[in-house]
Structures are given as C-alpha cells and as structure tokens.
Amino acid sequence: MDRRNIEKPLIYLTGFMGAGKTTIGAELGANCHLPVVDTDQIIVQTYKQTISEMFQLHGEPYFRKAEESILTKLSKRTAPTIVTTGGGIIMRKQNRQKMKQSGIIIYLHCDFNIIMQRLQQDTSRPLLQQHNRKSFSELFLTRLKHYLECDYVIDTTYKSVSTIVKEICFILNRTDHIGDPHIIGSEG
Ligand SMILES: Nc1ncnc2c1ncn2[C@@H]1O[C@H](COP(=O)(O)OP(=O)(O)O)[C@@H](O)[C@H]1O
Ligand SMILES: O=C(O)C1=C[C@@H](OP(=O)(O)O)[C@@H](O)[C@H](O)C1
Ligand SMILES: [Mg+2]
C-alpha cells in the first residue's frame, strides 16, 4: 500500500455493467482500509435522482456530463482512494486520460453470458432496459478496446468476490505499475 505512486494515488475499477466494480470496490476498501467512492453513487447523491430517473428525465448525454464532472473532481484527490466507475466512463477520451494520469486502472473483465446472468433481475441500469441481448453484447464489444487501455486486467468470470479482492491486493503491492496491461490470475 505505502509503495503506491504518490503522483497516482487513485485506484480505478473499470468494466462493463455487472462486472462487479461496485461490489468488489466496497470489499476491497474494507480489506485495505481505504476510502471507496462510486461515481454512480455520487451522481445519485449530488443530483438527488436515480440513474434511471436521470436517463429518463434528461437523457444519456446529461448523465455523461455529470459523470465527467464527478470524475474531474475525483481525479484531483491526493489521498489514496478506490474509485468504482460506471461502465460507460471509458467512452470519453478525456475520462480515460484523467484516469490514466491520476491512478492505476484495473479492468474487471467478465464473460458476457455471465454478465447477463448477474443482471437477470436488474431494473436499475437504463442501458440494459434499452438494449436487447444482441445490441447489449455489441455495446460490450465496442467498449472492449477502451477497457483494455488499462494497467491491469482481472478476469472475474468464475471467481468469488474474495478471490478477486485478493488479486487486486496483490496488484496494489506491486511496485511496477507502468507499462502494458498485465493479466492477473489467468495462469491457473
Ligand atoms: N464475482 C462475482 N460473482 C458473482 N456475482 C457477482 C460478482 N461480482 C458481482 N456480482 C453480482 O453482480 C451484480 C452486479 O454487481 P455490481 O457490483 O453492481 O457490478 P458493476 O458495478 O460492475 O455494474 C450484483 O448482483 C453482484 O452481487
Ligand atoms: O455502462 C454504462 O454506460 C452504465 C453503467 C452503470 O454503472 P455500472 O457499470 O456500475 O452498472 C451506470 O453508470 C449507468 O447505468 C450507465
Ligand atoms: Mg456499479
């Protein structure tokens, strides 16, 4: 923990809807005694409406602006903090740059079929409601290249939350946080 680059104090969890960012981030924070902030939760608190309400009342572009403005503020934090992001945050180039400049980006990958299973009962994600399975999988594929602009990839597909948290703790204890994405936990 102490060895993390002081210039880049943030730990960003990225990934598609249902990859487990919010769940893993909360558990990781409790394990590492680090504060956790979730961009969606900040939007809900700040704008006093749910993400679904915001999409319905103002449309996706309004949500994206809110998301970017929250990220801009968070990226200036100087204290080590885990930031769990909304799945679409990587769609804006300026967001990807801000994350890269201010932290380590850990992409939580998950098989699309498993994502669909995890989100089977979900009614809180407007994009899931708007898409059918095919177009939702296309959205996933379109985003993949941007998710891969990260420092680390963790495949969460068949792993428990505690296993994933252990893998992230392993990453955070590494000293070499620069270079091509490292794929963690895929060797066995
Ligand atoms: N590793 C995991 N294994 C099984 N279910 C998971 C795992 N991680 C998250 N989930 C479940 O998947 C759903 C979406 O998780 P969530 O943390 O909200 O994802 P995200 O923030 O990436 O959209 C939740 O119901 C959560 O309990
Ligand atoms: O992928 C997306 O575009 C979105 C993901 C959601 O967050 P999660 O990734 O936490 O589900 C939330 O930000 C919003 O519904 C849009
Ligand atoms: Mg989330």
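Counting begins at 1 with the first residue displayed.
Glycine is no exception: its Cβ is also placed from the backbone N, Cα and C atoms.
Automated prediction, rather than curation, is the source of TrEMBL annotations.
As annotated by TrEMBL, ATP binding site applies to Gly18, Ala19, Gly20, Lys21, Thr22, Thr23, Arg125. Gly18 (ATP binding site) counts 24 other C-beta atoms within 10 Å of its own C-beta, drawing on all protein chains shown.
What TrEMBL records for Thr22 is Mg(2+) binding site. Packing around Thr22 (ATP binding site) is summarised by its Cβ count: 18 other Cβ atoms lie within 10 angstroms of its Cβ, all protein chains included.
When other Cβ atoms within 10 Å of the Cβ of Gly87 (substrate binding site) are tallied across all protein chains shown, the result is 22. According to TrEMBL, the substrate binding site annotation covers Asp40, Arg64, Gly87, Arg143.
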Among Asp40, Arg64, Gly87, Arg143, which are recorded as binding-site residues, the nearest neighbour of Lys21 (ATP binding site) by Cα: Gly87
CB-centroid shell, 8 A cutoff, ATP site Gly18, Ala19, Gly20, Lys21, Thr22, Thr23, Arg125, site residues removed: Gly15, Met17, Ile24, Gly87, Leu108, Arg118
Close-lying binding-site residues around ligand 2 among Ala19, Thr23, Arg143, where CB distance stays under 6 Å: none
